[in-house]
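Each remark here refers to the structure printed beneath this line.
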Amino acid sequence: MTVPVITGPTASGKSALAHRLALETGAEILSADSRQVYRELTIGSAKPSREMLREVAYHFINERAITEPFSAGAFALEATARIREIKRRGKRVIVAGGSALYLEGLISPFAELPPQNAEIRRKLSEQLADLGGELLYERLKQLDPEQAETLDPTKTHRLLRSLEIIEITGRTVTELQAKKSGEPSPPSSLHFKTFAIDIPREELYRQINRRTESMMEEGLLIEAEQLWKRYRIEIENKSLPALLTVGYQELFDHFRGRTTLDEAVTLIQQHTRNYAKRQLTFMRNRLTVQWMPADTDWTAHFTG
């Protein structure tokens, strides 16, 4: 049972492409986006429009509150069950998204990583408070450079987890994943074929800049302000990972008085470009993908 996956860096057009293909083939779309799953994050997560949601059956859009954690492991389990249920109904399904851990968990089941160790996590958290995230990130770059390239240094929950795994196991996340990928896969009725949109970097950056401007015109500032007012305490203590997201963090800093609005918008564009680079690194190093130009006859690959 082959399941097509459409991925690519943010703003590459994968959502619009998946939607068009779903309309042409009668498929349902399973979103592999770790932010679109949350109801409160709409404009900043570039969700499909209301019209698109009416036209095609989407899964994992607006299904959780930001106070409800939804891990990559939980996504992989539930997504697998839904794919099988969709197939049982005789329908096609397309997986579309660019969230690294969601994709990897679904397509290449995770290596067995150890549970959190409270004592090691406490020690690392103290080091984070004393030394700062930059020094811990440099430590990870020395120990596991491939994993470090896929991380946003400002999102310390994944940084701490990566260092914690090294301390617990004596092995890096990259080593553990490589060991897993070298083992025989358990029998499964699902086979994923992953296509990635290959877009020139200059064009991608132009699209990122244009999309940021469109988001601001659509009301991203108001959306971020509503989140700021409702979750100010959680934002300040970084207890809601869903809000540690490009597009919102920069506007939260604007509300703190640290930047002008124009500076915040420029930072959103810059940080989104950085995020796209990390996505590309992940896709090239951790996924088996078929890169295809955006102007490819994609329909032929999904109807054959």
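Glycine residues also receive a Cβ, built from the backbone N, Cα and C atoms like all the rest.
Range with Swiss-Prot annotation region 'Interaction with substrate tRNA', chosen from 33-36, 169-172, 181-184, is 33-36. Within 8 Å of the centroid defined by the CB atoms of T10, A11, S12, G13, K14, S15, the record's substrate site, lie the Cβ atoms of G8, P9, A16, L17, A46, G98, I197, Q207, excluding the listed residues themselves. Cβ crowding, taken as the number of other Cβ atoms within 10 Å, peaks at G8 among the binding-site residues G8, G13. For R121 (site 'Interaction with substrate tRNA') paired with S15 (ATP binding site), the C-alpha to C-alpha distance reads 37 Å. Cβ-based crowding with a 10 Å cutoff singles out K14 as the top-ranked of the recorded positions K14, R121.
Mean model confidence for the region 'Interaction with substrate tRNA' (33-36) is a pLDDT of 97.
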